[in-house]
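Visitor: Swiss-Prot feature annotations, pasted as is:
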{"type": "BINDING", "residues": "27, 34, 139, 344", "note": "substrate binding site"}
{"type": "BINDING", "residues": "114, 115, 187, 212, 213, 214, 215, 232, 233, 234, 235", "note": "pyridoxal 5'-phosphate binding site"}
{"type": "MOD_RES", "residues": "235", "note": "N6-(pyridoxal phosphate)lysine"}
């Protein structure tokens, strides 16, 4: 190995890593190969995965794979540039039209990822002199977008309409514009936001609302439509990318002002084609979309947990090391359920985040519930 070029930098990194190790918070990459359905090979051994966000099992669906392959052969491996230069391949317009239609909006804009979408949307719409109110459990990328915006940002207690209303009543008058940020399905808790009620509040205070539907699209039924509906192509759609659905005027503005759209290479056309095929499958096969929630509710009923509201069910453990130990115990029994630790979740709330897929068999769900019961982790 060559000698370090920057000893002080390495010393800094090693000290930080030591602290992460001591707290049980160091992350490591573990090669994991999907082998079909909800099964995978991890560390050389087969497991049933309950940590994958491919909620509908479409990432390996023959029609989705075929659409990606056809686009790959026609357009090549990459888009070749920013979409505003040479990277706007025809499949993007098809995908955006389908997303907008499904969401009941005039237009849509596809980004490089859901994270990039939130990094671009909020700073393009809000800035100094504006007010942002965000659910305290909003995803990291929503918070990152607020910080980039420069707007005054205040969290409201999770799904607490009274607190949100009080903040609007107190703060809205001094702000030029107000933007409310929430998730339709919260990624770490699996519960749902009262979107219709939030929209009613927003209208009464002339505030705009952005709903992050990353974990809801294709899995939970439709509810009220927000003026700004964003999400990802990487979960139920089994592909990669992010999007915003909104009015034509807003989409045109974002096309010019969202820095994470303007200054980055467009998605590979194959990813867009795969997402488009997945959207069409969801519409053609509604029974597929109903399955993850049904399996999640089967699981919560077996363990006496609150009824699942989405395809995500948390099993709270508490401390990070305890969550890691439980995850290892499950993996020894053939189940991959990754421990979620701070800072992804608040300190003291480390958990197993269990994600259900249409690819799971009922017997696999029952076996996981039995394993958790035997380990004394739930119920």
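Note that Cβ sites are derived from N, Cα and C of the backbone, with glycine treated the same way.
Keep in mind that what you see is a predicted model, and the values were worked out from it rather than measured.
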Visitor: Taking Cα atoms as reference points, rank the binding-site residues 114, 215, 233 by distance from residue 34 (substrate binding site) and give the first.
Guide: 233
Visitor: Measuring Cα to Cα across 27, 34, 139, 344, which the record gives as the substrate binders, how far apart are the two most distant ones in Å?
Guide: 26
Visitor: When you tally the Cβ atoms that lie within 10 Å of each candidate's Cβ, which of the binding-site residues (27, 34) has the highest tally?
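Guide: Going through 27, 34 one by one, the largest Cβ count within 10 Å is at 34.
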Visitor: Which one is closest to residue 187 (pyridoxal 5'-phosphate binding site) in space, judged by CA to CA distance, out of the binding-site residues 27, 139, 344?
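Guide: Closest candidate to residue 187 (pyridoxal 5'-phosphate binding site), judged by Cα separation, is 139.
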Visitor: Whose Cβ lies within 8 Å of the mean position of the Cβ atoms of 114, 115, 187, 212, 213, 214, 215, 232, 233, 234, 235, the pyridoxal 5'-phosphate site, other than those residues?
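Guide: My list of surrounding residues reads 217, 231, 242.
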Visitor: What is the maximum Cα to Cα distance, in Å and rounded to a whole number, among the residues 114, 115, 187, 212, 213, 214, 215, 232, 233, 234, 235 annotated as binding pyridoxal 5'-phosphate?
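Guide: Farthest Cα pair among residues binding pyridoxal 5'-phosphate: 15 Å.
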Visitor: Ranked by the number of other Cβ atoms within 10 Å of their own Cβ, which of the binding-site residues 187, 344 ranks first?
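Guide: Top count of Cβ atoms within 10 Å goes to 187.
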Visitor: Fill in the CA-CA distance, residue 344 (substrate binding site) to residue 215 (pyridoxal 5'-phosphate binding site), as an integer in Å.
Guide: 16
Visitor: Write down the Cα-Cα distance for residue 27 (substrate binding site) and residue 114 (pyridoxal 5'-phosphate binding site), rounded and given in Å.
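Guide: Roughly 22 Å, rounded to the nearest whole number.
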Visitor: Below 8 Å Cβ to Cβ and six or more residues apart, same chain only. Which residues does that give for residue 215 (pyridoxal 5'-phosphate binding site)?
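Guide: Long-range Cβ contacts: 53, 55, 183, 184, 185, 186, 187, 190, 235, 310, 311, 312.
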Visitor: Through the lens of DSSP with three states only, how would you label residue 34 (substrate binding site)?
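Guide: Going by the DSSP assignment, residue 34 (substrate binding site) falls within a strand, counted as strand.
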